[in-house]
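First up is the structure itself, then whatever we jot down about it.
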Amino acid sequence: MRRGWFLPIAAALGFSFLYAPIVSLVIFSFNESSLVTVWSGFSTKWYGELFRDPQLLGAAWLSLQIAALSASIALVLGTLAAIALVRFRRFRGRTLFAGMVSAPLVMPDVITGLSLLLLFVAMEGFLGWPQGRGMLTIVIAHATFCTAYVCVVVQSRLSDFDRSLEEAAMDLGASPVRTFFDITLPIIAPALVSGWLLGFTLSLDDLVIASFVSGPGSSTLPMVIFSKVRLGVSPDVNALASIIIGIVALGVLAATIIQLRTKPKNRQV
Amino acid sequence: MTTHDPTIPPPRRLKPWNAVERGLARVGITGRMLVLIAPLIWLLVFFLVPLAVVFGISLTSKQFGRPPYTPLLTSEEGTVQLTLHLNNYIRLFTDNLYVAAYLSSIRIAAIATIITLLVGYPMAYAIARAPDRWRNILLMLVVLPFFTSFLLRVYALTGFMRGNGVINQFLGLFGIEPIVMMQTDFAVYVGIVYTYLPFMILPLYTTLVKLDVSLFEASADLGARPIHTFLFVTLPLSLPGIIAGSMLVFIPAIGEFVIPSLLGGPETLMIGRVLWDEFFSATNWPRASAVAVAMLLVVVVPIMLLQRAQGAVVEK
């Protein structure tokens, strides 16, 4: 097929559209002036400011804890769900189960947040648990939607690996549990790592659901950022954003390199 | 031990597990059930039941107190009474605010989805046709923003489009007057396209990269112009990717809250924002629930479309 000039130019424009705002944000985070758009000299003072803001630091710490916890819960639940969906061809309620696993992927955040909050309030009324809302309720909410993402990632890895390895282990007398830990787990480990990381970043990023299910005194980082940003552009948010973008870029870069090294060439998601 | 040794001892099995397994099997619990039980219960309790609770509370009325809605079930002298209020739903249909918000959400999401498709398709196609060594790098460049905070990317756009933002300063170099972009529907479109572009590109790429190049060659050999090959061969074959990508943008865009509240103006009506205000500002939980139920009805057809398209994307 004739290769025209249209596709490369369209792609170049598309990528600059994706990256220009991010790049300009990072550049302006080093701006000395508090007027964010006027360049008045290079400075790292906003980064320093960031580390002297106890509210921001507290929120960041809370968000990191929530993200780690919910990603870990989601890792276990999502992996189990993926095993059930890939390995158990038929069981009663499979359609319902598959639907419940994938629906959170597209459910609008406001509905997820509202529904979980109403559930927590109703449960507190009937069971007396969970008492009030805070970190625990946010973790439960995040673990629920992260489970869906972990499941998708693990599912794709599980469905394209050679089952004869497992069968060989079982033929040699290993119990299903032992086969899982000795054979299956090492093979799907890369998917588990990326599933956990995906859950971690999604939890760290969530504003809407956390706003619904959090309680007084448990503001996550996105909630603090949102309330700052709503009032206008603030240069310390630029610095914070640059740090987060830097960490994420390094993480994705590392993950891509690992995947390219370990995966056969023709595997693509 | 030689290979001819007939009495190879069986590998040692994990003793405690075997005992546990046997014990459980005796009461009729299989390994399968153990795998299923945790995710199943979790999703039932924290995904399905909450949706039922939303539906239930949408049938109550606002009241002052804790919780701020009338009880659905009341027991009086031993008889349980079920009280249903339909006033929230009646309001949804009679109050112009809600009808307008639904229609404008659908309109904004649909227009933004089409723009995303028009921007994303050439990008996905270019990546699919790129040389092998480039492809993974380009894909990584698509995925990278997806992992970067959604909120911060929307925020980055505000710095770009403000009255004295980067675009207007750039235009100013050529003596062009600043354009008002923020707090308009235009900004909301840009926001949706910007943040959801990876969702469009990935499924499109997945279908496009699997297309057989010989089909294009055959079409060209038979004298079709490239534009015809594209319209009659490439486009129909990539339809599952188009549907999957479009639904992945359209469904979350309908309920979007962050983009209209940071980029849109006060007159940008979107249903996610209405639900948010109903809940946080008016503290009318029953009304917010009714809005959520109606929103679910709007997205249920797109969700079904998505599931079918995803099956087709994966199958090929």
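Each residue, glycine too, has its Cβ placed from N, Cα and C.
According to TrEMBL, the protein has these features:
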- A:7-30: transmembrane segment (TRANSMEM)
- A:59-85: transmembrane segment (TRANSMEM)
- A:60-256: domain 'ABC transmembrane type-1' (DOMAIN)
- A:97-123: transmembrane segment (TRANSMEM)
- A:135-158: transmembrane segment (TRANSMEM)
- A:179-198: transmembrane segment (TRANSMEM)
- A:239-258: transmembrane segment (TRANSMEM)
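Stretch with the largest number of CB pairs closer than 8 A to the transmembrane segment (A:135-158), among A:7-30, A:59-85, A:97-123, A:179-198, A:239-258: A:59-85. Against the transmembrane segment (A:59-85), the recorded stretches A:7-30, A:97-123, A:179-198, A:239-258 differ in Cβ pairs under 8 Å, and the greatest number is found for A:179-198. Non-local neighbours of the transmembrane segment (A:239-258) in the same chain are 22, 25-26, 29, 46-47, 49-50, 56, 190, 193-194, 197, 201, 225; each lies 6+ residues outside the stretch with a CB under 8 Å from one of its CB atoms. Within its own chain, the transmembrane segment (A:7-30) has Cβ neighbours under 8 Å at 36-37, 39, 42-44, 46-47, 235, 238-239, 241-242, 245, counting only residues six or more beyond its boundaries. With a cut-off of 8 Å between Cβ atoms, the residues of this chain six or more beyond the transmembrane segment (A:179-198) that come close are 71-72, 74-75, 78-79, 146, 149-150, 153-154, 156-158, 161, 165-166, 169-170, 251, 255, 258-259, 262-263.
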